[in-house]
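S.K.: Structure below; questions to follow.
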Amino acid sequence: MKLLVLAALLSVSAAAHIITPRALWQFRDMIKCAIPGSRPYSEYNNYGCFCGLGGSGTPVDELDRCCEIHDACYTQAKHLESCKSVIDNPYTNSYSFSCSGTNIICSSKNKECEEFICNCDRAAAICFSKAPYNENNKNINKKERC
């Protein structure tokens, strides 16, 4: 019985790991649409107090504030009934969007959770495109500055 439960947990975990990179790639692609030539993972991960995994404290600048707002948007999404399952949640759910120039369009065919997450990512990508990037806020000491 214990082996059956363990197998079920591992299969759910494996499914989440398969889906997660796709969801992250979509956000990355959205940022690349809004900011052509950008390198989202290397530029925005571990930037300020909120960009990257987790986040707390006070944003260090406008760009970091974009990440704080994005985190809050995902928190709101988790309260939607349609975003509460293992697969349909902000961190693993994929959605449909298109890019025309630097214009990001979330598909009208997205379901409720997908639409909400797509719009969270869209708003963040647009916010990133308008915020100045300060190299001094990359890989900061979060204990001291956040």
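Note that Cβ sites are derived from N, Cα and C of the backbone, with glycine treated the same way.
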S.K.: Among Asp61, Asp71, indicate the single residue that Swiss-Prot lists for the Ca(2+) site containing Phe50, Gly52, Gly54.
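M.R.: Swiss-Prot names Asp71 for this Ca(2+) site.
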S.K.: Going by Swiss-Prot, which one of Cys67, Cys73, Cys83, Cys99 is joined to Cys33 by a disulfide bond?
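M.R.: Recorded disulfide partner of Cys33 in Swiss-Prot: Cys99.
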S.K.: Apart from Phe50, Gly52, Gly54, Asp71, which residues in this chain have a Cβ no more than 8 Å from the mean position of the Cβ atoms of those residues at the Ca(2+) site?
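M.R.: Once Phe50, Gly52, Gly54, Asp71 are set aside, the remaining close residues are Cys49, Cys51, Leu53, Gly55, Ser56, Cys67, Glu68.
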S.K.: Given Asp121 (active site) and Cys66 (disulfide bond), what distance in Å do their CA atoms have, once rounded to a whole number?
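M.R.: Pair distance, Cα basis, whole Å: 10 Å.
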S.K.: According to DSSP, does Cys49 (disulfide bond) fall in a helix, a strand, or coil?
M.R.: coil
S.K.: Round to the nearest Å and give the CA-to-CA distance linking Gly52 (Ca(2+) binding site) with Cys67 (disulfide bond).
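M.R.: The separation of the Cα atoms works out to 8 Å.
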